[in-house]
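*Asks:* Questions regarding the structure given below will be posed in turn.
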Amino acid sequence: MRSETLGESSHSEDTKRGQVILVAYLIATLELTCLFMQLGVLPYLAKSLGLDSVGFGYLQTTFGVLQLVGGPIFGRFADQFGTRAALILSCASGSAFFLLLSISTSIPLLFLSRLPSVFMHGLPGAQKVITDLTTPSQRADALGKLGLCFGIGVIIGSTLGGVLSTRLGADGLRVSSFLPLTCINRVLINMSSSVGTSQSGSMFSIREILRLMKFPGVMEIFIVKVFSGLPLGLFLIMFSVISMDFFGLEAVEAGYLMSYFGVLQMVVQGLVIGRLTKYCTERTLLRLCVFVFAGVGLGMALMRTVWHYCIVAVPLIFAFSMLGTITDSILTKAVPSSDTGTMLGICASVQPLTRTVGPTIGGVLYKQFGVSSFGYLQLIVNIGLFVYLLKNKVPLRETKN
């Protein structure tokens with residue numbers, strides 16, 4: 001009788017954890033959808049306010065810097081006050097972000113609308129939920145499925161952004177500004193058991209954040225995470241220019257290409273990564289994605305048409321998705337459970353860092369050496385990292401402290 005009661009209790013707990021994880025997926029999907037909505041509308045809004053291409057670059061750099069600074073701070077906040085409070089902060093910041101964007105009638109207001117983005121980190125918040133509620137052996141698969149959220153956000157957000165901007169104008173932005181608010185009640189109801197860890201130290205302490213880099217294997221894996229995908233990140237930042245000048249695509253055709261990438265990412269992260277984690281160790285998968293990245297670099301260096309790029313995109317999306325999922329899984333296992341939020345916040349700062357330095361470096365590479373320079377850089381960097389991973393046995397921890 002007692003064993004039956006324990007079994008029912010365990011089943012109930014598993015069901016509750018599954019429901020909470022589903023809510024986290026929902027929040028990430030809605031925030032990413034809204035984000036890609038504004039990405040589709042923002043260039044036209046900026047142009048209508050008289051912002052030139054240089055000023056628009058400054059606007060994007062401002063967004064990148066705020067996300068870069070806010071990632072680790074958001075992670076510390078989640079560790080100290082709990083995931084529920086962190087996700088509420090992210091949803092509220094997202095609502096303020098879109099609301100300010102919808103009432104931006106001048107360039108200063110447009111720049112001011114970027115400020116709430118410092119705490120807009122729904123994806124790291126969802127990763128924190130998954131990290132807390134899954135076992136180490138399940139983590140990579142569960143984190144990989146967040147790619148489905150990203151793919152849905154790309155496809156639906158880009159489409160809705162175009163429709164809303166065409167038919168409703170600024171009112172379309174007002175519609176999108178209230179979508180993050182719908183998440184808050186769900187978070188309050190379904191995540192009421194999430195609590196903080198009452199850590200000591202300031203939320204803004206750089207020393208506490210950098211302390212995590214001293215754990216075995218963390219610095220090595222983080223270096224691989226940053227540099228393996230950096231050349232690709234530079235290419236993607238310049239992609240809007242490359243798609244027009246090198247591939248000769250119209251805006252509609254570029255949109256179709258983005259949708260193709262979104263579908264690929266959904267397939268890879270939803271169906272492929274989870275299965276591979278059951279048969280291969282994380283060390284093997286990390287080496288595999290770095291090796292594939294090197295091959296992608298060679299393909300990018302040799303491509304001449306958009307059809308070549310569509311072929312290269314298949315291993316590209318595989319390596320890109322695998323690298324993010326596996327490194328996040330490894331890094332959260334390498335630190336104590338009370339610091340996983342901060343670690344995920346640091347990981348979330350990698351892409352904003354690329355967006356911050358990328359326009360300058362990518363612009364120089366493209367202007368001086370052409371599109372092939374991104375591919376050759378990708379090839380050289382990842383061959384070096386692959387040799388490093390083969391020769392140096394980076395300590396990977398399979399379980400949390």
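Keep in mind that glycine also has a Cβ here, set from the backbone N, Cα and C atoms.
Okay, so TrEMBL annotates it like this:
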- 17-396: domain 'Major facilitator superfamily (MFS) profile' (DOMAIN)
- 20-45: transmembrane segment (TRANSMEM)
- 57-75: transmembrane segment (TRANSMEM)
- 87-111: transmembrane segment (TRANSMEM)
- 142-164: transmembrane segment (TRANSMEM)
- 221-242: transmembrane segment (TRANSMEM)
- 254-273: transmembrane segment (TRANSMEM)
- 285-303: transmembrane segment (TRANSMEM)
- 371-390: transmembrane segment (TRANSMEM)
*Asks:* Which stretch, 20-45, 57-75, 221-242, 254-273, 371-390, tops the Cβ pairs under 8 Å count with the transmembrane segment (87-111)?
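*Replies:* Ranking 20-45, 57-75, 221-242, 254-273, 371-390 by Cβ pairs under 8 Å to the transmembrane segment (87-111) puts 20-45 first.
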*Asks:* Quick check: do the transmembrane segment (285-303) and the transmembrane segment (221-242) share at least 3 Cβ pairs under 8 Å, counting only pairs 6+ apart in sequence?
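*Replies:* Yes; at least 3 Cβ pairs under 8 Å.
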*Asks:* Check the domain 'Major facilitator superfamily (MFS) profile' (17-396) for me and report the mean pLDDT.
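*Replies:* Across the domain 'Major facilitator superfamily (MFS) profile' (17-396), the average pLDDT comes out at 78.
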